[in-house]
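What TrEMBL annotates here:
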DOMAIN    6-121  domain 'Tetrahydrofolate dehydrogenase/cyclohydrolase catalytic'
DOMAIN    140-282  domain 'Tetrahydrofolate dehydrogenase/cyclohydrolase NAD(P)-binding'
BINDING   Gly166, Arg167, Ser168, Ile234  NADP(+) binding site
Amino acid sequence: MTAQLLDGKSLAKQIRAELAEQVAKFKSESNVTPTLAAVLVGDDPASDVYVRNKRRDCTEVGIESVLHRLGADTTQTELLALIEKLNSDPQVHGILVQLPLPNQIDTEQVLEAIAPCKDVDAFHPENVGRLVQGRPVFLPCTPHGVVELLKRNNISTAGKHVVVVGRSDIVGKPLSIMLAQKGADATVTICHSRTQDLPAVTLLADILVVAIGRPNFITADMVRPGAVVVDVGINRTDAGLVGDVDFDAVSKVAGHITPVPGGVGPLTRVMLLINTLNAARTATKL
Ligand SMILES: Nc1nc(=O)c2c([nH]1)NC[C@@H]1CN(c3ccc(C(=O)N[C@@H](CCC(=O)O)C(=O)O)cc3)C=[N+]21
């Protein structure tokens, strides 16, 4: 192991401490408690854990979280009715509908039903559009977590070649756009399952970000010595939780690397808290 570890877990803890102060100040000035409504449909055990962790984070910083648990057989109409209720509830500042949703649910329609001003995941097309135009209200949590992890470790992206592997709507696509924008100023290449000679491209990366959901997919021969490697993958295998990067091998060649767990994941959760506080600020005009 020669690479320097990018410790998301302790950074997230530090940011939560900063946030707790901001939340306390906001509460005393406004007499309003920032509130997140979390909607959990069905009984996926992983989703259960995620939502529990998010709610624990909320408690830690003084944000109220209200869980709405719906059965696996919930209909589209029932879920849309709940979202409508949360949209018009002035006590609720942020709405999180945990993904994935059961098969009978039209996910796109559900995400579009969330009021954009309460869309703390930034999944609504209005918020995606605003992000692309460089005037976001909310930043998507995982991409924002990656950007903040780099920033707080003094890793500049300006002028650097960032190679993003994965083009998902929740990570690869928005992250690529954010990194190419003014302020971040990276040169961005997006790779995906149809990319020809992927190692030839990843070897060019000053900063390599991987978000594809394939355990240990990135091997040492795909990484330029000294590169920064950010692993967004969360894969549950028989060997436990592993990322998309073969950590043991890649950490011998990389300059910096994120672990899984303890890398990007904890920061994703922190960004949800930031968005919820900002939603409450906007609703309260403070
Ligand atoms: N509406 C919605 N918004 C999401 O942001 C969202 C979602 N649905 N569905 C699922 C994915 C996944 N995701 C993670 C967040 C934190 C960790 C995290 O904290 N990971 C810990 C380990 C936790 C564990 O043991 O699983 C770590 O990497 O150290 C992981 C995954 C958010 N997602």
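Just so it is clear, glycine is given a Cβ too, placed from its N, Cα and C backbone atoms.
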Of Gly166, Arg167, Ser168, binding-site residues neighbouring ligand 1, Cβ under 6 A: none
Neighbour count (Cβ, 10 Å) for Ser168 (NADP(+) binding site): 15
For Ile234 (NADP(+) binding site), nearby residues of its own chain (Cβ under 8 Å, 6 or more apart in sequence): Gly213, Leu241, Gly243, Val260, Pro261, Gly265
Structural state census, the domain 'Tetrahydrofolate dehydrogenase/cyclohydrolase NAD(P)-binding' (140-282) (DSSP three-state): 52 helix, 28 strand, 63 coil
The one of Gly166, Arg167 whose CB sees the fewest other CB atoms within 10 Å, among these binding-site residues: Arg167
Local confidence of the prediction over the domain 'Tetrahydrofolate dehydrogenase/cyclohydrolase catalytic' (6-121), expressed as mean pLDDT: 97
NADP(+) binding residues Gly166, Arg167, Ser168, Ile234: largest Cα-Cα distance, in Å and rounded to whole number: 16
Helix, strand and coil totals (DSSP H, G, I; E, B; other) for the domain 'Tetrahydrofolate dehydrogenase/cyclohydrolase catalytic' (6-121): 62 helix, 18 strand, 36 coil
